[in-house]
């Protein structure tokens, strides 16, 4: 990366350097969609953002707790039949939707991907015990401020307004509702997320990646069992 003039760049690292990259041989994992595993291809938590300027990466302990709480609060809202939005709403209550728990391995793989500063889904992120789903969100501003990660999670929640519970999951418009459906997928038990803040062309970006296991969004299944 070449930067003209004299620039003092301080990169703040808020994530613990987890041992999973060394403890697990991700290069042996074969994902259903094919491709090289993210943690094998990139190999570490070192940012690889090209001409983008890294401001900070990783999540604090409090941010992890807040993201997990936001997911579980929303899941319980839907499960209790309190989500009135939809196309049409309300969303039916669920009888098999449990709270998620944080998984550090999912978080590690999510952080490796976030550290590439490439908005979008990676190809292969599965872990040994299950297939892994993924939600991504990116916000940008010309002001030197970065969105709270919980607000990025709420962007996924807002997709519920386009979900039609009277249709099968596969009959809904996945592009409009896929983040919401992964959030409330009943068979998903664990979550782990990574975060990257960077600047490019005077814009300030916050990129959030959350990985979910077991993965949701299978076309022949339903989000959850209704009461």
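For all residues, glycine too, the Cβ spot is worked out from N, Cα and C.
What Swiss-Prot lists as disulfide bond is 27-40, 31-124, 49-117, 193-210, and the listing cites similarity to another entry. The feature domain 'SCP' is assigned by Swiss-Prot to 68-212. Look at Swiss-Prot and you will find 1-23 tagged as signal peptide.
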Residue 117 (disulfide bond), number of other Cβ atoms within 10 Å: 22
Top Cα neighbour of residue 40 (disulfide bond) in the set of disulfide-bonded residues 31, 49, 124, 193, 210: 124
Among 27, 31, 40, 49, 193, the one of these disulfide-bonded residues whose Cβ has the fewest neighbouring Cβ atoms within 10 Å: 27
Disulfide-bonded residues compared (124, 210) - highest count of Cβ atoms within 10 Å: 210
Alpha-carbon distance [residue 124 (disulfide bond); residue 210 (disulfide bond)] in Å: 14
Secondary-structure category, per DSSP, in which residue 210 (disulfide bond) falls: strand
